Structures are given as structure tokens and as C-alpha cells.
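A short write-up of the structure that comes next.
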Amino acid sequence: MHTKVLQQGLWALLLWPHLFTVSVPLDCRDDQASLARCPSISQEKLLDRVIHHAELIYRVSEESCSLFEEMFIPLPLRLQSNQGGYACITKALPIPSSKSEIQQLSDKWLLHSVLMLVQSWIEPLVYLQMTLDRYDHAPDMLLNKTKWVSEKLISLEQGVVVLIKKMLDEGAMTTTYSEQGAFQYDVQLEMLEYVMRDYTLLTCLKKDAHKMETFLKLLKCRQTDKYNCA
């Protein structure tokens, strides 16, 4: 186990500069100009960068989930989680999961669905970073990956907002999902409950990150080959 974690740490050191390098172009914060850089990028280029950003977020969230599972989740608890009882925080969002339903979504709803997913995860990831501090022997690599995803989700949110303005010529729809208390902080949980809750968060994040990537790639396909986007 120690050797495996060490190997993963070495991979993280190799991957870390790459993550920051490829994600910088989508970071729309530029001094006091807020979204000054993103509007200057063409729609096609911005969509490509948003997709690449989503791919990286999915990859790192998948690695984070696997690392957490190896470090803290025995096999019986993994099976218990897979059997249900731990609902994802985005379950109530009006976003379809089946392939046929996703294919029927308009470009507008694809973009707004991605935005809803991104915004729904910003607060829970802040919580996750705080709770990981309670763990004994939590590897720095896991903490760093979680922090990276948290920061880059905000950057992705900015990119999608500009993309909505460019492609749909409108502002983003206002959602009060997170304001309604969809994510609750439980301060009286036992340690095992903390572990299972955090594991559920990481598992659901991985699924939703993959969904973001899928929606954006479908949108890209429609721009280039509208009738062959299966």
C-alpha cells in the first residue's frame, strides 16, 4: 500500500505542472476585468478549451475517488455504497441520465445543465477540503487534487457562462438549487459516517464530472456533424 501511494505521489509530481499549464487559458480572471479574456476568444476555441478543462476535471476527480477508496474504504463498505442509500447531491436537478434523453436536449439545455452541475459542486468541495483535514494519514496528493478540482470548477463555471453568452446570446439562468440548502453540513457525524459521506461525494463528483464532459462533447459534435452525434 505504501509503495503504491508513493508511486501515485510521483505521478502527481509529474502531472501537476501539466494540470496548471493546460488550465490557465480558461481562467477568465484577468486583473479587474473579470471575464475580459474569455470574450476575446472565438466561440470554437472557447468550446475546445472548456471541453479540455472538463476532461481534466473528470480525470483528476476519478483519481481522487480511487485514491480515497484505496486508503479509507474496505471492500464491504464499497459494496454497501454501490447498493444505494447514499444519494448524490445533484439527484434533484432536472438533468436526464439516459442516453436517449440526453440526445434530445437542446444546445441551450446542454449548456445550462453543465452550469448547474458545476455550480452545485462548488460548495460541497469546499466542505470536502475541510473534512479531509480530520483524517489521519490523508496523503497530500489527495488534498491537492481535491483543491485543484475545487479551483478549476470555478474557472470552468466562468468559461461556460461566457460560452452561453456567445452561443445563445443570453445570460445564464439563475438557479437557487444550492441556496435552498440542498447540501447540509452535519457536525455530529461519527467518523465512519464522515468517511462514507466523503466517499459518496467523491463518487458522485466523478459521475457528474463525466456527465459535464459528455454534454460538452455532444455540443461540440453538433457544431461539426449535427446528424451523426450518437
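Every residue gets a Cβ built from N, Cα and C, even glycine.
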Swiss-Prot annotation, disulfide partner of C204 among C65, C88, C229: C88
Cysteine from C65, C221 that Swiss-Prot links to C229 by a disulfide bond: C221
Candidate nearest N144 (N-linked glycosylation site) in space, where candidates are the disulfide-bonded residues C88, C204, C221 and distance is Cα-Cα: C204
